[in-house]
Amino acid sequence: CHFKHRKQRFVDIGDSLLTLKLTHALSSSVQNFPSDAIKILNRLEELDLSNNRLRNVPDNSFHFLRSLKKVHLQDNTIEMIHRGTFQGDIHRDLTEVYFSFNSVRNVQQHTFADLIQLEQIHLDDNRIESLERRAFMNLKSLKRLNLKGNKIATIAYETFQNLPELEDLDLAYNSISSLDFNIFDQVGSLGMFHVNMSHNKLINLVVAPSVPFEQDTGLGGLQNIKVLDLSFNNITSVAKQFFRPVELSLMQLYLGHNKLLNATKDLFGNMPHLQVLDLSHNSLYELDFDTFRNTKKLQWLDTSHNRISEIPNDLFRFLGNLRIVDFSHNRLRSLPDNLFRETGLERLDVSHNLLGKLPLTSLSLASAQTLSELDLSWNSISSLSHGGQLARFKCLSWLDLSYNRLGQIDAGTFKGIPRLASLNLGHNSQLTLEINGLSFQGLEYTLLHLNLDNVSLSQVPALSTPNLLSLSLAFNSLPTVALEVAGNISSLRYLNLDYNDLSAVPIVTHSLTELRHLSLEGNPITTLSNTSLLGAANQLEELNLKNIDLTVLESGAFCKMQPLRTLKIGVYRNIKNFNIPSILQFNDGLKNLEIHVTKDTDTLDNEMRGAWPLKLQNLTLSGKGLKKITGKMFQGVRSPTFHLTVRNTSIIKIPFDVFRNMLPVRNVSVDVRDNILLKNLQNPSTGSKPGKPRSAFLTDLKLMGGKWSCDCDLGWVEVWERKRRQYLCPVLLRVSILRNIIVGTLMMVLGTGCVRIKITGVWLKFLRVILSVVGVKLRWRN
């Protein structure tokens, strides 16, 4: 569109048009905002000129648009927003303004002022270096101000003036080197105020000199910040009383991924409403005994990934609201007696430390009775002798003792834990179990998940656990699994037998009628016949056969497995004319396929030639043996939606032919993380936009972990990101980066690396607490 005869362009609809969208519509030669053509649209409420090449927006561009509510100008090349562009007496209905992904360098005084209905301003991913005083002024309805991804180094006092309803101020990914709470003196006094200053250049947090209070302009008093995120900076020291202005308001404080050395009462001891404190990934050596003296509402404390070697006995005295404590990845050799005195503790993580014994005496009877999850993995615990103290854990449902030095589990050890549902004893290589099953006495009807990986088993112990859902026996020396085992684990749905001495698929799988997931990776199985999987064929949904040197694979081995949804296999060189599509021709429901290559292989053209199952939409290629992929390998893809993962291979280049030959594909996503040799990935999109006939568009891309060169071969990524924002990321659906970080933090804790991540009641309850502070409502069904 060149806007010839601009004044006549919208004459006929000037009094009726409410919404005008010209995204990616203007000629590249149009650099000036087309105000002459648009000014006659006097009833226009929403204007979208995003994804063009606009450079200049004159200050009178919107003066005739008195009904304007939303302005979308993101993804242009705008260099300046002139003072007076938006005026309070004209734009009384304006609610949202988007200038994201432009080239704005500064925000002048009164650029956004006296706009009584304005709720959102988005200036993220520009080149803003400075914010002038009173740049944002008298915006009484403003709730979100997004300034992330700029070059802001300092923020002047009174930059934000009279913004009483502000809830979310995002300053992440800037160059801010100092923090003065005085800049928030007139911000967020009436709402739940969140400040995100993560990923900046903060080093030393010092107390700023006080600023004289102006009665006629300021709101005065202490700050109303509820959530403060200072993570991913370089903070090495925090001055005493630094948090004094926000002590009475803070509910969540995030200081993870910094370089703090200690935690004291002067910093965290007087925050009466603080519920969440994240000090993870620092260099903490110690916590003072009175660190939380008057911070009595603390519910979640994370001090993981530090250098703490000792915990003071009185650290948690009188903290009756404490629910989750994470001491993992430290240097603790013991925990003091009665460290946890109050009732209410639900999860304790002391994994990856140096504990030599169970810290049972660290919990009083009151705290032990409410504990639901206990993680003691990766320590040096050698004995579970407890003198009956385990019986105090009446609510314990999740216990992880993996990667310790346990030698023996006596009969009835867990008998006093009536609700234990998940038990991990894996990787205690010297562990001796009672073959008659007495080691698990008392857990017969409560145990749902059991991990016995790498515990030197030569036979499966007797398990009288009819409700057991998952059993992991990987990295043992099992030559077989006795058929009689099935009778006592009749509800089993997941069975992991990786890296044992199995020479054939165990017949016991034929009797496990509820089995859905079976993993046999790394066993010396050489033959897979038409009857090997016959017993499980009618219900199995996932099968892992990686790292197996098959010499015989009968053509009907998988043909009866109609419910199969996920298959992981290798490239079996000892099988003549091995072809994957041919062995899967009857698996119409297969959606996910992983092909693992261990031995050096140039291509898989022959192995992958042919038509793939119609619903196959996720293909993973893994293994150092794979050196090259070609377009011929993907000619058989038939699903219109396709996700390609290339993980931990020796591939150097992924050519365009790979994607050009996926003829039926319309939406493609690519994950090429962790390929240390990969240097070149050509554009997977064969069309210029989504929905274009006979072409595919890239919907998602993950690149981390390669040896990428920022040259022309990778330059397409920037153009694609622009199009993705335009077509796939509607502005109205964008979520606050602060909320993402908070939810992401929870998900990182939840992702324990277990075979099955179990979101327990502890986390569901606490998730509500966290998200309620950031304005997100959580619902779930039991």
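In case you wondered, yes, glycine gets a Cβ from its N, Cα and C as well.
Copied over from Swiss-Prot:
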| type | residues | note |
| --- | --- | --- |
| CARBOHYD | N196 | N-linked glycosylation site |
| CARBOHYD | N234 | N-linked glycosylation site |
| CARBOHYD | N262 | N-linked glycosylation site |
| CARBOHYD | N454 | N-linked glycosylation site |
| CARBOHYD | N488 | N-linked glycosylation site |
| CARBOHYD | N530 | N-linked glycosylation site |
| CARBOHYD | N618 | N-linked glycosylation site |
| CARBOHYD | N648 | N-linked glycosylation site |
| CARBOHYD | N667 | N-linked glycosylation site |
| REPEAT | 16-37 | repeat 'LRR 1' |
| REPEAT | 93-114 | repeat 'LRR 4' |
| REPEAT | 117-138 | repeat 'LRR 5' |
| REPEAT | 165-186 | repeat 'LRR 7' |
| REPEAT | 224-245 | repeat 'LRR 9' |
| REPEAT | 249-270 | repeat 'LRR 10' |
| REPEAT | 273-294 | repeat 'LRR 11' |
| REPEAT | 321-342 | repeat 'LRR 13' |
| REPEAT | 419-442 | repeat 'LRR 17' |
| REPEAT | 446-467 | repeat 'LRR 18' |
| REPEAT | 491-512 | repeat 'LRR 20' |
| REPEAT | 539-560 | repeat 'LRR 22' |
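When averaged over the repeat 'LRR 20' (491-512), pLDDT in the model lands at 96. Proximity of distant same-chain residues to the repeat 'LRR 10' (249-270), defined by a Cβ-Cβ separation under 8 Å and at least 6 residues beyond the stretch ends, is recorded for 193, 198, 222-238, 240-243, 276-288, 290-295, 302-303, 741-742, 745, 770, 773. The DSSP secondary structure for N667 (N-linked glycosylation site) is strand. A Cα-Cα distance of 12 Å separates N667 (N-linked glycosylation site) from N618 (N-linked glycosylation site). Applying DSSP to the repeat 'LRR 22' (539-560) sorts its residues as follows: 0 helix, 6 strand, 16 coil. Comparing N454 (N-linked glycosylation site) with N530 (N-linked glycosylation site), their Cα atoms are 31 Å apart once rounded. By neighbour count, meaning other C-beta atoms within 10 Å, the densest spot among the glycosylation sites N530, N667 is N667. Cβ atoms under 8 Å from those of the repeat 'LRR 9' (224-245) belong to residues 172, 179, 181-182, 184, 187-207, 251-261, 266-268, 271, 278, 738, 741-742, 773-774 of the same chain, restricted to positions at least 6 beyond its ends. Tertiary proximity for the repeat 'LRR 4' (93-114) is limited to same-chain residues at least six positions away from its ends with a CB under 8 Å from its CB atoms, namely 45, 50, 66-87, 120-139, 141, 146, 722, 725, 731.
Residue environment of N262 (N-linked glycosylation site) contains 16 other Cβ atoms, counted within 10 Å of its Cβ in all protein chains. Tertiary proximity for the repeat 'LRR 11' (273-294) is limited to same-chain residues at least six positions away from its ends with a CB under 8 Å from its CB atoms, namely 231, 248-265, 267, 300-316, 319, 321, 326, 745, 769-770, 773.
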